[in-house]
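> Please read through the structure below; I'll follow up with questions.
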Amino acid sequence: MLKLDFHPAGRHFLQIPGPSPVPDRILRAMSYPTIDHRGPEFAVLGLKVLEGIKKIFKTQQPVVIYPASGTGAWEAALTNTLSPGDTVLMFETGHFATLWKQMAERLGLKPEFLGLPGIEGWRRGVQADMIEKRLREDAQHAIKAVCVVHNETSTGVTSDIAAVRRAIDAAGHPALLLVDTISGLASADYRHDEWGVDVTISGSQKGLMLPPGISFNAVSAKALAASGHARLPRSFWGWAEIIEMNKSGYWPYTPNTNLLYGLCEALDMLQDEGLDNVFARHRRLGEACRRAVRTWGLEIQCADPAVYSPVLTGVMMPEGVDADAVRKIIYERFDLSLGTGLGKVKGRMFRIGHLGDCNDLTLLAALAGCEMGLRIAGVPLKDSGLPAAMEYLAAQPNVVSLKAA
Ligand SMILES: *Cc1c(COP(=O)(O)O)cnc(C)c1O
């Protein structure tokens, strides 16, 4: 076993926006023995998860499951659909959008990075009108894909994917639409088919409540057709062979068997709660969290209430306060992990995750830890934020209560 310096009593509070806490049910499901990935039992599991995951993406089309982190599925989406030197239009919503753009550069693509100036772009979601304008200028159709992050995990800002689809259609442009919802899937409403997304990328360790290690590409017919002539090198990531073997419930290589047990359990749990209830629970926890932050007198990273993330809340520190020093106090004193500021906002903010296996009291405990840590760090607070969150949660019962069950 990994030897820790000490074992603190009670549960660790993992309130980072992914990995999110893994429920006991899923941990137990994952402890089943690993089986023969070419045997008959495996096909039952394979077909069940391949079919079940489609409901979460809201798609009738194939969803490819990779034994890789989300970053791998980003690469799969680009290499399956594009050719060396292709121009791709990417939108700067935050750190994850920036990393995806760096990957496109490394793969030999030519990303154009659209965005609002300075830190503004990191406080608001995608600006679909900017995408429409740029696509209208591209009369030669040099742009082959538009890439957008649905839930920007570095900031706590979502993007309106349906609006991006409308922008592409309004410009009459044939570019593919590639969307990263690695941290949005199964926490925020997402509709691969209805929104006309060509490739949706997601991962296991956020809303799906699994450990890190598997990731996804939901693939439209148009994307599949593009993969037939896309020339970026790919082997492990190639869709065609995987989709072909998936038809009988198998993979061309050894899939992540135990994570697929976990996925099977997660799909059951999401189905039992009901996806709409899952989304409502996340929205409600997000609202409670923001009420606490506002009552503290601190600013929320997301500056547009229309696109607040239901997954996490970015909390900005007053001038001169190092957010990571505050996080360190909270971790050491209260065994509570918060997300660090990434990229342009490093040290300026921290992130409270309220996704996945999280309920009212988990959130309130996390807020209590934050509040105590902020006070110890000497951050001036206008008022205690906990009562504001408590009042809201008490007045707005969760859709699914134990009484109703
Ligand atoms: C977590 C995350 C990633 C990176 O996924 P990994 O599993 O760490 O490779 C990319 N994009 C977004 C929006 C994320 O939240």
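Note: Cβ is positioned from N, Cα and C throughout, glycine not excepted.
Taken from TrEMBL, the feature domain 'Aminotransferase class V' covers 49-297. Annotation source TrEMBL lists N6-(pyridoxal phosphate)lysine at Lys206. According to TrEMBL, the feature substrate binding site maps to Arg351.
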> Are there any residues in the same chain, six or more apart in sequence, whose C-beta is under 8 angstroms from the C-beta of the residue listed as 'substrate binding site', and if so which?
Ile16, Pro17, Thr153, Ser154, Gly156, Leu312, Thr313, Gly314, Val315, Leu338, Gly339, Thr340, Gly341
> Return the count of C-beta atoms lying within 10 angstroms of the C-beta of Lys206 (N6-(pyridoxal phosphate)lysine), excluding that atom itself.
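Its Cβ has 28 other Cβ atoms within 10 Å.
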> Over the span of the domain 'Aminotransferase class V' (49-297), how high is the average pLDDT in this prediction?
98
